[in-house]
Amino acid sequence: MTTTVLVLNAGSSSLKWMLFDAPALSRLRSGMVERLGEPTGPGTHAEALASVLSELGNVRPAVVGHRIVHGGRTFTGPALLDEYAVAEVQRLVPLAPLHNPPALAGIAAVAERLLHVPQVGVFDTAFHQTMPEAAARYALPLWCERDHGVRRYGAHGTSHQYVSRVAGEFLQRTDGRDPEPRRREDWNFVTLHLGNGCSAAAVRGGVCVDTSMGLTPLEGLVMGTRCGDLDPAAVTHLQRSAGLSAEEVNRVLNRESGLKGLCGENDVRRVLARAADGDAEADLALDIYCRRIRKYVGAYAAILGRLDGLVFTAGVGENAAEIRRRVCEPLGGFGVTLDAAANEVRSKEPRRIDAGGSAAVLVVPTDEEQEIARQAWGLVRGDDAA
Ligand code: AMP
């Protein structure tokens, strides 16, 4: 029997794919079909999938795992994409109008081309559905949630789940340094996914208890182009004062804010280089960015009651030693320390970079595709992978 797992990440104009070999989940091959719907690219997701399958020769995967952005309250873990589940993903389109439709197109394409191959949905929101109501609800009139689904769903869940698990496993090994390693159930982590989008999660024993993204990925940390937390009255103020429509404000907050809004640049490498050259605007942008992260670390330490570990991941979290320094150095009162030399090390492996404080500081390169493969394989094989 085949043991390959095909992971698909369908965007509006691209189809990313990765092939894994289970159960070790080693990455066999990967690729991306781009320019979907453009004159030079394939017209549909079905055509894109056809070109992926022809590239893969006669490989017939044991299961296809789909990255799906929004699973609402329905999906709390990986789900077999039967008729009911597909209808539910469709029903959730209003919560992710740009993201769920391409996933549905990908699912339909697989159903057509790979008859009888089971398909599993892995949702960006699922890991956060363990949040207590007190974390998931906004202080709004009840009808806002009841009639319009306005509550906190979170995002980046697959990444937070992956890095919190790997961090727990890492700290249990001897190179975790602890003379008597605690069990996974005991670790209180704050995980920081810092990429172009940024989010924090409070994770107790592998279970998410709070996260910084909310109804949409706009809430929380300062990001590449998103503002993160904001007084909601700023929206109506801008509508009245600058004469912007609801759509225009939405564009400003999602695409023209964050680091880009503050200093004209959303690539952290560029912002860091400018700050190092004495550019005050870039330096202030980084201060605002890192201060917001510290605010969440403190808030989540209070929610968790104890901070055992801080986990950095994604493009910025894995690569930007200077950002980690700016975040960690002022957090000594929370047991956070930094080994300056270890912080500078570049590696694709999980590593520990603290100087022996009560909170371990780790860098764990994220691997959302492998996590999707693990969960998809686990579901069809009946393993407890979620
Ligand atoms: P991601 O969304 O995880 O792909 O992360 C993308 C972000 O990572 C970009 O905004 C880059 O600025 C940032 N990034 C990638 N490499 C580095 C690096 N060496 N130093 C600082 N930031 C980086």
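Cβ atoms are placed via backbone N, Cα and C, with glycine included.
According to TrEMBL, the feature active site, proton donor/acceptor maps to D124. Taking a C-beta cut-off of under 8 Å and a sequence gap of six or more, D124 (active site, proton donor/acceptor) has these contacts in its own chain: R67, I68, V69, H70, G71, G154, A155, H156, G157, T158.
Per TrEMBL, Mg(2+) binding site is recorded for N9, E368. Long-range neighbours of E368 (Mg(2+) binding site) (same chain, six or more residues apart, CB within less than 8 Å of its CB): R67, T158, S159, Y162. DSSP assigns E368 (Mg(2+) binding site) to a helical segment in the three-state reduction.
Taking the Cβ of D267 (ATP binding site) as centre and 10 Å as the limit, one finds 14 other Cβ atoms among all the protein chains shown. Per TrEMBL, ATP binding site is recorded for K16, H193, L194, G195, N196, G197, D267, V268, R269, G315, V316, G317, E318, N319.
Its Cβ taken as reference, R67 (substrate binding site) is surrounded by 22 other Cβ atoms within 10 Å in the chains shown. Summarising the annotation, TrEMBL assigns substrate binding site to R67.
All protein chains shown were included, and the count of other CB atoms within 10 Å of the CB of H156 (site 'Transition state stabilizer') stands at 28. The site 'Transition state stabilizer' annotation in TrEMBL covers H156 (among others).
Here TrEMBL flags R226 (among others) as site 'Transition state stabilizer'. The Cβ neighbour count for R226 (site 'Transition state stabilizer'), using a 10 Å radius and every protein chain shown, is 27.
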For E318 (ATP binding site) and N9 (Mg(2+) binding site), determine the Cα separation and express it in whole Å.
22
Tally every other Cβ atom lying within 10 Å of the Cβ atom of R269 (ATP binding site).
12
What's the CA-CA gap between K16 (ATP binding site) and N9 (Mg(2+) binding site) in angstrom, rounded?
5
Rank aside, I only need the closest one: which of the binding-site residues L194, N196, D267, R269, V316 has its C-alpha nearest to that of N9 (Mg(2+) binding site)?
N196
Which recorded positions, if any, among N9, K16, R67, D124, V316, E368 have a Cβ under 6 Å from ligand 1, given in order along the chain?
V316
Under a three-state reading of DSSP, tell me whether R226 (site 'Transition state stabilizer') is helix, strand or coil.
coil
Which residues does N196 (ATP binding site) neighbour through Cβ under 8 Å, counting only same-chain ones at least six apart?
M223, G224, T225, N266, G315
